[in-house]
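Asks: The structure follows.
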Amino acid sequence: MYQLIKNGQVLIDGQLQKRDIAIDSNGQIAAMAPTITTLPANPRAIYDAQNNFISPGLIDSHVHFRDPGFTTKETLQTGSAAAAHGGFTSVIAMPNLSPVPDNLPNFEQLIVRNQVESSIHTYQFAPITQGLVQPTLVNLSAFKASGAVGFTNDGHGVQTAQTMYQAMQKAAQIGLPIVAHVEDESLVNGGVINAGPAAKRLSVPGISNVSESAQAARDIELARATGVHYHICHISTKETVNLVRRAKQDGINITCEVTPHHLLLDETAITSDNALFKMNPPLRSLADRQALWCGLIDGTIDIIATDHAPHTTSEKQQSLLHAPFGIVGSETAFSLLYTTLVVNGPFSLAQLISWLTAKPANIFKLPQAGQLAVGQPADIAVFNLNDTTTIDTTTFLSKGHNTPFLGTKVQGTTMLTLVTGQTAYQKE
Ligand SMILES: NC(=O)N[C@@H](CC(=O)O)C(=O)O
Ligand SMILES: [Zn+2]
Ligand SMILES: [Zn+2]
């Protein structure tokens, strides 16, 4: 445990300012000042941040850790190590596991394993329904009591309005969000990438925008009727952005997230039958991608989350038709976003950090996360913002190497990640 981090640059009122940070033996931030000289007796260690940027530990509200059930893709240990490598100190894990943690003993065991086996804070979403696909709701209040931070069938849309309506009524009563992967399966038609020019050129079935937006429209009306906090995952279409914008204007309790890949890529990146470009929802058109940027600019989109979805290399070497949906994101998110949105884009570092820290902490009520402040846990990420690298999967700590960003030149390297003052990642 570090006692003192010296010579950091911290965002204060949107500006980088020099700060030293002292950490007490409980792993909490004890002091933050331009210069700290007085150390407690027996200082354990001093870390010289060398004028690098010190961020509150990043928060990723959408990861797939695959454990239990799919541990050849990822485990709690490798998933959390990858997150720490990306500067994330808190994540919320999705319940599309095997077995699905849809009964309390399994769910409670998962909560314990998340704490014991993960090197970061791993919070857990509970399923909305049994097996993620059945019409039977879980007992939402019991899962809340066991530590669920929200409910989601991520990987699947909730197919009937009645099931979603009942889930929202219950979730509203207990004050937890419904976190929705919006996808109407009757409109998917076996699609594997966006219904657009790339699908035509490669002769593969396409996924239309309405498969997302039609269900989002339904859910927004159900959210209006129930008053639930309704959060949309990985928003990808211009129509859904417009729906969320109007819903916010109407005062509906709605939030949403966008992934780095939907911000940075669109279907024009898919030039061959390469399943590293296959994820759900798919990369959409340029017009959709532009709408996502506009959504960030005007606050329609609240946060950025990775949807880190590791799969094995052999699975992703299959054709677009047969490979599973999903790409990894934990270890590339910050550098890709910093490079594209801040260095080469219109956004400030402070905006980017708010989408990755304070805002997700606020949306998912993680009061111990998302800010650097005296008395808060020392969840800290140190980034060298000037270091330029090329994305290289051999540096990944995730078991998943399935990224379409291989070889992309990026700026911003994680130097150190502390979780409650303990080192979760340190660059050698
Ligand atoms: N995003 C994906 O393409 N895949 C996710 C499921 C999901 O987030 O819908 C997965 O679990 O692999
Ligand atoms: Zn999803
Ligand atoms: Zn997901």
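Placed from the backbone N, Cα and C atoms, the Cβ positions cover glycine too.
Unlike curated records, TrEMBL annotations are generated automatically.
If you look up TrEMBL, you'll see 53-239 marked as domain 'Dihydroorotase catalytic'. Summarising the annotation, TrEMBL assigns Zn(2+) 1 binding site to His62, His64, Asp154, Asp307. Residues or ranges marked as substrate binding site by TrEMBL: His64, Phe65, Arg66, Asn96, Asn280, His311, Phe325, Gly326. Among the features that TrEMBL reports, Zn(2+) 2 binding site is placed at Asp154, His181, His234. Among the features that TrEMBL reports, active site is placed at Asp307. The domain 'Amidohydrolase 3' annotation in TrEMBL covers 339-424.
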Asks: Hey, how far is His311 (substrate binding site) from His64 (Zn(2+) 1 binding site), Cα to Cα, in Å?
Replies: 10
Asks: Can you tell me how the residues of the domain 'Amidohydrolase 3' (339-424) break down into helix, strand and coil by DSSP?
Replies: 22 helix, 26 strand, 38 coil
Asks: Hey, of the binding-site residues listed (Asp154, Asp307), which one tops the CB count within 10 A?
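Replies: Selected residue: Asp307.
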Asks: I need the CA-to-CA distance for Arg66 (substrate binding site) versus Asp154 (Zn(2+) 1 binding site), whole Å please.
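Replies: On Cα coordinates alone, these residues lie 13 Å apart.
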Asks: Which binding-site residues from the set His64, Phe65, Asn96, Asp154, Asp307, Gly326 have a C-beta atom lying less than 6 Å away from ligand 1?
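Replies: Near ligand 1, sequence order: His64, Asn96, Asp154, Asp307, Gly326.
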Asks: Cβ-Cβ under 8 Å from His64 (Zn(2+) 1 binding site), same chain, 6 or more residues apart: which ones?
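Replies: Glu74, Gly79, Ala93, Met94, Asn96, Asp307, His308, Ala309, Pro310, Gly326 - these are the non-local Cβ neighbours of His64 (Zn(2+) 1 binding site), listed in sequence order.
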Asks: Fill in the CA-CA distance, His181 (Zn(2+) 2 binding site) to His62 (Zn(2+) 1 binding site), as an integer in Å.
Replies: 11
Asks: Considering only the binding-site residues Phe65, Asn96, His311, Phe325, Gly326, which possess a Cβ situated under 6 angstroms from at least one atom of ligand 2?
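Replies: Listed by sequence, the hits amount to none.
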